[in-house]
Amino acid sequence: MQTTKKDIRTLSKEDLRNFFVSQGDKSFRGNQVYEWLWSKGAHHFDDMTNLSKETRNMLEAHFVINHIKVDTMQHSNDGTIKNAVRLHDGLVVESVLIPTETRTTACVSSQVGCSLDCNFCATARLKRMRNLAPDEIYDQVVAIDQESRLYHNRPLSNIVFMGMGEPLMNYNNVMKAIDMITSDEGLGMSPKRITVSTSGVSKMIKKMADDEVKFKLAVSLHSAVEEIRNHIMPFTKNFPLPELREALEYWYRKTKSKITYEYVVWGGINDDKKSIDALVKFCKYVPCKVNLIEYNPIDDGEFQQAAPEAIDAYIKALENAGIVAKVRRSRGKDIDAACGQLANKS
Ligand code: SF4
């Protein structure tokens, strides 16, 4: 049954302290509850054993703790794990654990569905249903950290916001989640291990720079030719390349943090010389590196992985221009956990 009680994890520590004072109790109880909710990951008020039964009942009468639930966990042959995560209102998002030899990365979702309409992406076929709350984002990370310890004998080392949704269209909640992930009261992870990946929402890139964020920025560029980029990601008509360039220059001036361009090469779409030259030119505006990402077709439509020669031509041209470029092989293809595939089947 749907409850109208408030999720207690939407309250800040200060809110909790004030709540206890309003109930005629001591403010430090707020600190105790906050610690239970975040550092200790309590799922029930009854877990909060240093509070009296009366206090726990009082909390129960006012609030709920809306933890996510990992509904299904799929294991790929390459060690990748995909979680289908059920939210308190029954909606489902996906997050992925990606292991390599030296690290474990969590790829997390920021929205149910997506606000944007990238033509190559399975998530885009689901309309945006709602933004995720900060605790729903945080919980995906905690679940993957636990799975990493269980299945790979090491803690989670990195986080990328590249799952379902455009993180900069859910800016405040993503920032609050990152605050908790990096806080000593949460997971205490370094912001340098977190990458927020955007499709190029220029005005929010500037806002992040103004907010002096400490995490890394990746931009899913996919083309530095305006018409081709508009065809791949129709919403980019609202964020044209000159505006994106200006936002990225602003970002670098303020943060001194290099940008990573994520780039998929599709046959017949952006595998031509004009596209390669345009990318090389765009890369010269701001210090950057390029990840050329292997693509997994979501159907037999026009978006198909380009021939290896086309990828080689990109690498050669970028390297000749002194730009670091790597090919990123997709992981978890057999469980539809690879780039562009999330929500393909759910
Ligand atoms: S690629 Fe990312 S931004 Fe584009 S539709 Fe898919 S989830 Fe949304």
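Yeah, the Cβs are placed from backbone N, Cα and C, and that goes for glycine too.
Taken from TrEMBL as is:
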type	residues	note
ACT_SITE	Glu94	active site, proton acceptor
ACT_SITE	Cys339	active site, S-methylcysteine intermediate
BINDING	Cys114, Cys118, Cys121	[4Fe-4S] cluster binding site
BINDING	Gly165, Glu166, Ser197, Ser220, Leu221, His222, Asn296	S-adenosyl-L-methionine binding site
DOMAIN	100-334	domain 'Radical SAM core'
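Structure with TrEMBL features highlighted.
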residue : record                               : contacts (Cβ under 8 Å, 6+ apart)
Cys114  : [4Fe-4S] cluster binding site        : Cys121, Thr123, Ala124, Leu126, Arg128, Met164, Gly165, Glu166
Cys118  : [4Fe-4S] cluster binding site        : Ala124, Ser199, Ser220, Ile232, Met233, Phe235
Ser197  : S-adenosyl-L-methionine binding site : Val160, Phe161, Met162, Pro167, Leu217, Ala218, Val219, Ser220, Glu262
Leu221  : S-adenosyl-L-methionine binding site : Gly200, Arg229, Tyr261, Glu262, Tyr263, Leu279, Phe282
His222  : S-adenosyl-L-methionine binding site : Arg229, Ile232, Met233, Glu262, Tyr263, Val264, Asn270
Quick one: which of the binding-site residues (Cys114, Cys118, Leu221, His222, Asn296) have their CB closer than 6 Å to ligand 1? Cys114, Cys118
I'm trying to understand the geometry here, so how far is the Cα atom of Asn296 (S-adenosyl-L-methionine binding site) from the Cα atom of Glu94 (active site, proton acceptor), in Å to the nearest whole number? 17
The predicted model's mean pLDDT over the domain 'Radical SAM core' (100-334) is 94
